[in-house]
């Protein structure tokens, strides 16, 4: 650190120290708060020191700490920060004044605090003067500072507890909000996925629409090209038609020219016959005619080779016709020139007749002329053949022109057909474009319908989900109700089992008493029968045993036709009216058996009680009264009463004493028993099980 003089007052816009106390307690850490002005760049090399007020340089510090550099600073705003001085490095208590000074990395003091002291607290410092809030009283209340601080601490602790509870509540709310946010994020992810799928579908539809649009544009361009091609073909067809018409006109002209040439040739033949006298001139004329015929042959050959170039050939033919016309004109001129020669020949013949000498010469000349004439005739015949050949060639040319005309007409018809086919194809392509546009529109409509249905299905799924939750809640409540009912039924079952045990004990007691009474009565009757049988007869109507139904004993399985032994008769069989014991059925195995076996045991107990006598039934089932006994005894001991009375006493129907339901007499006895069991007994098994 460099030594530099210190200024007593901080520079304008320097570091500002906050909350500086006038005194600090020694051996306690001191916290220094300060604010850096806007535009100041804090550095880890800056430091804050505790200086004496009279210190003149930066090296006269008592202790210092490095300044803290904030993580993030906002441009144009002051920076608030703080540092702590440890208690072990602080000055000792005294009257010396100190102050905080901020020194930057260049060793320049950027700010200083007001002066303060380090001293021990005085006794009066521990007391605090309190004034009443309303200010109506002049009394000052002096209390220890510790009490005030303790009260403030308690209030702060209470406030902290309230804030902690509020924090817990807020954390719970934050947790709920986070769960809600997660649910919303999942829903958002689902919606985004659906949106992505819909976007992919839309992109696919857009791509297909773009492809269809491109195909439509291509087809439109092709249609334009085809239309232009059709127009070009129509122009070509029109041009070709004009050319064909021109060729036909030229062909007609050539035919007329050939006919004229033929007539002129015939005239020339006639003229050649007349020019037989002039052998030399005729020979020269024949030579010229041969040359012309040879030239015509060459022209015909050229015309045959130049058939494809019709326009040029026609022009050549026109030129040839003109040349032939010129030649014919020259021939006519020569024929006209032959007339004076004929006259000269006649004069020469006259001179020949007049001169004999000349006759011999003329004879020789005539012989040579005859030979020349023969040659001329042969050449004339040859020229006629050549003319006929030329005529044949001209006919062939006419046929060839007709064939070309037919071919042009066929090509024209083919071109027209191709044009019609192109038109049909263009119409089909237009219809296909319209159909594709309609399909695209339908796909858009269907996509919109799908989106609407998707939204509707989403809403319906949400409604179904809420309905499912509500139904689940109802099912849970119903399950709880059923469980409560099941518990009640179990309690009722336990009560009925307890009641059946009590009935069993009472039944055993009544059965033992009845058996003892029957044994005593039989002994007394046996003794009285031996002593005074007449007295027994007189008291027969008053005997309570005769009022009871015949006891159910072993004699029931005997002959049904035989009547039971009366009290006066000594029966060889011992009748035991004791019912079947119930205790073996309800002891031990009854706890392991099912509810159905328990119901069967209880039913057998009741039926045994009914068959044994009305008193036992009334003791066992006092709630049912005599109706159950009468009905039960009516269908259980009916055969015994029949045998005792000797007449049929079977009822036509059986009636349940509880619900008065009737059963046919011929129905199975177990049906009525099962029906009655349904009123008193139930199965302990659950009808169904909730998962």
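Glycine too: its Cβ is placed from the backbone N, Cα and C atoms.
What you are looking at is a predicted structure, and each value in this text was computed from that prediction instead of being measured.
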Problem set entry | zinc finger per Swiss-Prot - which of 626-652, 653-679 | 653-679
Seminar exercise, completed: Across the coiled coil (232-339) the predicted model averages a pLDDT of 76
For this session: Quick one: of 656, 659, which of the binding-site residues has the smallest count of other CB atoms within 10 A?
Result: 659
Exercise. What does DSSP assign residue 675 (Zn(2+) binding site), in three states?
Worked result: helix
Exercise. According to DSSP, how is the region 'Interaction with GATA1' (45-125) divided among helix, strand and coil residues?
Worked result: 6 helix, 32 strand, 43 coil
